[in-house]
Amino acid sequence: MAEAHQAVAFQFTVTPDGIDLQLSREVLKHIYLSGVTSWKKRAIRFKNGVLTGVYPASPSSWLIVVIAIMSTMYARIDPSMGMIDRIKTSLPVSEFMTVQTQTVLSAILFATGLWLSFIFLLRYILKALLSYHGWIFESHGKMSFSTKVWLSLVKLLSGRRPLLYSFQASLPHLPVPSIDDTINRYLESVRPLLDDEQYKQMESVANDFKKDPAPKLQKHLKLKSWWATNYVSDWWEEYIYLRGRDPIMVNSNFYTMDLLYVIPTHRQASRAANVVHAMLQYRRKLERGELTPLRALGIVPMCSFQYERMFNTTRIPGIETGNDIFPIFSALYTTYSFMYFNEGVNRASLEAIETAAFFLTLDDETHGYDPENIRSLDLYAKSLLHGKCYDRWFDKSFTLIVYKNGKIGVNTEHSWADSPIIGHMWEYVLATDCFHLGYTAEGHCKGDINKSLAPPTRLQWDIPKACQVIIEGSYMIAKGIADDVDFHGCLFNEFGKSLIKKCRTSPDAFIQLALQLAHYRDKGEFCLTYESSMTRMFREGRTETVRSCTCESTAFVKAMEDERTTVRQRLALFKKAADKHQNMYRLAMTGAGIDRHLFCLYIVSKVMDIDSPFLKQVLSEPWRLSTSQTPQQQLNLIDIQKFPKYVGAGGGFGPVADDGYGVSYIIVGEDLITFHISSKFSSPETVGQFQTVFLSATL
């Protein structure tokens with residue numbers, strides 16, 4: 001017990017003269033060292049906060065400006081054009097200083113103001129430069145002269161050693177698309193899914209919305225975009241995630257797998273120790289802001305705000321909406337919307353879990369990829385996504401799962417961040433675990449045991465019988481959800497990114513077209529398709545939807561199914577469909593998507609109590625094919641050319657629609673694509689069909 005360990009820290013006896021405290025010298029030493037460590041952390045955070053606050057300038061540049069101004073003053077040149085003299089006369093304590101001191105102080109104040117103005121000017125210029133997105137629409141391998149000049153300017157103004165949050169103040173705001181553009185793109189996206197009569201009806205409803213109330217809603221949305229940091233992200237988090245009343249297990253949380261082929265050690269405790277150590281190293285860098293910000297082309301910065309809630313964060317359930325707590329970065333939120341039965345022991349145990357860095361599960365099962373077992377990836381995925389329903393803390397920002405055979409994985413709560421964020425941490429952890437910390441020949445952790453660490457403490461619970469009945473009922477509901485999920489993992493190694501790029505095609509567009517073909521062969525029809533794209537080139541940007549089912553993709557699929565079409569015709573249609581998809585992806589990345597804009601217009605309409613048949617219909621359309629690409633090699637810490645077995649297996653999520661599929665994929669190296677396909681056993685529309693036709697569609 002923790003109380004027992006604390007009790008031996010000091011002893012006291014009651015004497016006639018009072019209480020005689022006998023403090024332990026060893027404990028006092030530990031208290032002193034803890035205090036020193038704490039102050040070191042504060043000093044480092046303060047230093048990095050200053051460096052981030054003045055970026056892209058540096059504190060040393062302030063000294064240079066001050067020296068330059070002072071030098072001109074001694075040369076009897078006034079670069080301030082009289083401002084230093086005006087500052088001198090305005091000093092509230094001028095009567096207590098000599099004339100020379102007043103002059104020096106006034107010059108320093110002027111230099112500081114000039115320096116701060118220079119910082120704001122640099123940030124404004126950098127923000128204006130980062131608002132340009134023409135480079136992303138240029139053909140791969142071809143770069144215009146104007147883009148080269150733009151890249152040079154961005155590189156020049158970006159500084160040499162940015163910290164994680166250095167670019168936040170320089171990132172542009174997410175723009176609000178025009179109503180006309182959004183409506184036109186929406187109608188174009190649903191055209192292949194509707195017959196002529198249905199399309200005319202939708203067109204009529206959309207045009208009515210465009211006349212009224214769209215202008216009124218758009219005006220309020222633009223007002224929010226000027227006031228808020230991001231006009232989408234806060235509403236997206238609240239209404240899509242925190243206000244969702246469905247269980248987040250399977251329906252919201254997602255998982256990430258271990259290295260595909262390698263298990264560094266088969267000792268569960270050793271793997272857990274190394275991985276936890278690597279995660280805490282990452283957290284230390286994160287707290288100090290010392291991680292390098294992710295940059296497209298190695299130059300264009302991505303928003304880093306999602307990293308803030310990675311550790312020490314828990315989703316707290318409420319009646320109508322949930323909340324997040326994040327004690328490392330803000331005050332500890334202690335008013336929980338949860339029934340504690342006024343039991344102090346339960347409150348203490350819950351607080352210990354909810355304020356912990358993350359949740360660790362030492363699983364008693366064995367999982368991982370086994371080439372001899374075709375179902376191994378399927379079972380591995382199901383275990384990571386829901387486990388036994390009671391051995392994961394699904395509300396925690398993430399749960400680290402370590403299996404009996406040393407295999408690991410992560411289950412992530414979705415409201416606080418998207419998969420690239422946890423993927424960034426996971427890449428660091430796997431590289432640190434395998435190539436820096438390592439294991440002995442017997443599979444144990446390297447190094448000596450720190451005997452000063454206190455042993456783990458068992459959390460105590462006092463659960464009334466009435467609550468136990470409720471918990472049992474909740475477990476049965478969760479078990480029903482878990483048992484209904486069907487998974488299939490597919491390792492496609494016939495070809496990969498290398499061959500696709502040689503064909504001058506985007507690998508993502510190629511895969512999306514293969515998915516369209518597979519779905520059509522499965523169902524004999526097309527469906528509304530969701531692909532997740534990121535908007536992190538904007539401040540606090542998260543995701544946007546790419547509607548992958550297009551007129552161009554359906555024309556290609558139909559041609560593939562028509563024996564009368566020639567190979568040349570099919571290739572031409574494929575090229576056209578791939579180009580269309582790539583253009584839509586670029587539009588989504590640059591803030592010109594469809595769905596987030598319509599979603600926010602819908603929220604405004606609900607707040608204003610305005611009924612919109614068009615928005616109701618749009619927001620109720622089911623995504624029967626939901627897809628997402630898992631990013632890899634964000635940090636490039638593992639050379640997969642040198643270590644080809646040290647590749648990640650990606651991750652996945654549950655199906656979004658009851659009668660639909662969830663498909664996650666990761667493009668690994670040059671010749672491997674891993675797919676994670678989910679559906680529900682309860683749906684006769686999906687049982688065992690899509691998995692069987694996918695490979696043939698890709699080939």
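A Cβ is built for glycine as well, from the same backbone N, Cα and C atoms used for every other residue.
Feature annotation from TrEMBL assigns active site, proton acceptor to HIS414.
According to TrEMBL, the feature domain 'Carnitine O-palmitoyltransferase N-terminal' maps to 1-47.
Across the domain 'Choline/carnitine acyltransferase' (174-321), DSSP assigns 85 helix, 12 strand, 51 coil. Residues or ranges marked as domain 'Choline/carnitine acyltransferase' by TrEMBL: 174-321 (among others).
Across the residues of the domain 'Choline/carnitine acyltransferase' (342-690), the predicted structure has a mean pLDDT of 94. Look at TrEMBL and you will find 342-690 (among others) tagged as domain 'Choline/carnitine acyltransferase'.
Away from its own ends, the transmembrane segment (50-75) comes close to residues 84, 103-104, 107-108, 110-112, 114-115, 118-119, 122-123, 126, 157-159, 162-163, 165-170, 289 of its chain (Cβ-Cβ under 8 Å, at least six residues beyond either end). Sequence annotations record features per position, and here TrEMBL assigns transmembrane segment to 50-75 (among others).
Positions annotated as transmembrane segment by TrEMBL: 104-126 (among others).
In sequence order, TYR241, ILE248, SER252, ASN253, PHE254 are the residues near HIS414 (active site, proton acceptor), counting only same-chain partners six or more apart with C-beta under 8 A.
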